[in-house]
């Protein structure tokens, strides 16, 4: 009998697990309008600069500027994700929170292999994060360390490690180990200059030099520097140093962008080998900023890899995406190549992206003219890679290329202007572009001459972006676009003449995001208002007032329960279970935990007006998980907090309706949401 009971219990557990797993596989996860399918985005909320890029123990760490309580830039934290392949990402909890020294601005992370800091406590090498803290505009540099592969972090008791020397803008430290002199080197943005510091232990830093006066572009404040060495044309005996700098305004295509310098670094000073007024732009699009490279890539790999923030400070806060805002670019490999005009940085997509290709389509030796039938008329998609090689001569079409994400009155042109020898992206007809007047500025161009009579285009299209690599990455254009979901067409075109296409391959690219981490035995969740998202903590809702989401399930008598956590963010208000609701959440019952007023409350909405039925006074803390359960039978309602009966009340206004969730003046998360009839 005991054995039979154990078997039944095991079977019940398996069935329950299967039910949760099936319900968790909600196809709506990472499927909102404009949601990138293979680019990194946070599950919810605002993101900007990538930070703390470090590789350790088989994982690429991506930290990023993150506002957990809003869709616009706000109090900065470090969000965190890891990847084993640069393609699929695992979301992790926030790594660094603001403290009395300020919010957490951009910075870097390193593996302290020799334990120079003395932070190591176990067998794992310490990861050390170096970041800016901003308190009401006063910026200093601080550090934190991790002894568990970056899962938890301890802030150094001696912070800040570099106090402010009297500069308004003093931020974004990028640190690397300089093996030749066995020391750490930091590059730090200060106004429109880069300051260089050195250290033996990551805790005490010495000022070494300054770079930037009268060098390159000074259209805006300099930010997010990086400094690294690369071989020229792969020759290990010929190496040069690259200084990458983000510029807050005045970039080549308007607004924020990136420039770089090529030269020499002797351990304390960087020297630009080009004329001071020569500006080398990293990307000619509107939407590539704050890119920094991963540190500690193994010598067996030796690639210099990075990614950037795909947005522009002119309109970043207004881009109409929800429940998240902003994406990173695809990861790219950086190389130095010698051209007739000098040594230049080239960027190519990482080879790992080839693993998400679907069934490819190929064409060879096509001739395209304005009168040609669109050979790509049968192609449809919103996430794909294009590889094309065109033969170009003085008699070729004046313009040729692709129209991607085409639909009714929508398309984005990615092409080549032969007469002016320019690669271009034109998003003026790409879709939603009225949210900010700075967004639709027409065509972005990059100088690109044919090589041996050929022009190569490699184009990555996602639901809200295009990244174009011309002639094996010599020039790059990165732009976000916002077409309708239905705009999935593709066209190969030529204007004012014909052009020969030597080869063309289109690779569909697969979605890299898996099943939702939100656990519930109900489906069909539909947002009524506010901002809702599935996150690693559960279903997150955020609103300054009342916000609702409803499932497709309904009932009259039931047990309905959930884990609820009110986050320490905007409002510190309440999270609620809603039941017997109408389809608009204007009428129905709610049971909540209220951190603002320290109570559990049972109330109802009648035509949108709230009235309290019963309440129980008890401390409700933010960032603490509570289990709230409601039992409904006829007109009687029992409400339990952490399995303790706190309210037993009667009301007969509503007899049945839908199940849902509510937040009021808060960011709250709900997990393990279940109902039993």
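Cβ coordinates come from backbone N, Cα and C, glycine included.
Checking the candidates 73, 306 against Swiss-Prot: the one annotated together with 46, 47, 48, 49, 65, 105, 106, 171, 172, 223, 313 at the substrate site is 73. Residue 49 (active site) and residue 171 (substrate binding site) have their C-alpha atoms 13 Å apart, to the nearest angstrom. Neighbour density for residue 223 (substrate binding site): within 10 A of its CB lie 21 other CB atoms from the protein chains shown. Largest Cα-Cα distance over the residues recorded as binding substrate, namely 46, 47, 48, 49, 65, 73, 105, 106, 171, 172, 223, 313, equals 20 Å. Residues near residue 46 (substrate binding site) in space but far in sequence (CB under 8 A, at least 6 apart, same chain), listed by position: 66, 67, 70, 71, 72, 73, 74, 324, 325, 326. Listed in sequence order, 47, 48, 49, 51, 76, 77, 78, 79, 105, 106 are the same-chain residues at least 6 apart in sequence whose CB falls under 8 Å from the CB of residue 65 (substrate binding site).
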